[in-house]
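TrEMBL has this to say about the protein:
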- D23, I24, D25: UDP-N-acetyl-alpha-D-galactosamine binding site (BINDING)
- D23, D25: Mn(2+) binding site (BINDING)
- E115: active site, nucleophile (ACT_SITE)
Amino acid sequence: MKWATITIDKQIRHEADYLFMMDIDSVFHGRFGAESLSQLSAVLHRGYYKTTREKFPYERRAKSRAYIPLDEGDYYYTAAVWGGYLEDMYKLVRYCYEESEVDAKNGIEAAWQEESHLN
């Protein structure tokens, strides 16, 4: 998230209105269209699409800033595809980065790093 925060702030802030983050090895098997263009959008993780919240791989250690209690959370999102309006994405990646930095200072890393903070 650090590089995304810096890149948005220093390079593309005045060059784009919208930003999508995608894993470099993403393969799309269908249409990915304008319906994805909202303030913020994310893709449900394919491994947990039909799973109950108790089985989601949320960060369950209360010491982490990414902590989600067992009785909370309705969906589990992948960090492989997500996007939104540039300013909203900037706020989100900055928040996730700052929270992961707090974790690092406290000697903890969230179970699924950035994805845990995104969720």
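Yeah, the Cβs are placed from backbone N, Cα and C, and that goes for glycine too.
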For UDP-N-acetyl-alpha-D-galactosamine, what surrounds D23, I24, D25 with a Cβ no more than 8 Å from their Cβ centroid?
M22, S26, A80
Which number gives the other C-beta atoms within 10 angstroms of the C-beta of D23 (UDP-N-acetyl-alpha-D-galactosamine binding site), all protein chains shown included?
10
Give the three-state DSSP assignment (helix, strand or coil) for D25 (UDP-N-acetyl-alpha-D-galactosamine binding site).
coil
For the residue listed as 'active site, nucleophile', which residues of its chain lie six or more apart in sequence with Cβ-Cβ distance below 8 Å?
Y77, T78, A79
Just to be sure I understand the packing, how many Cβ atoms besides its own are within 10 Å of the Cβ of I24 (UDP-N-acetyl-alpha-D-galactosamine binding site)?
5
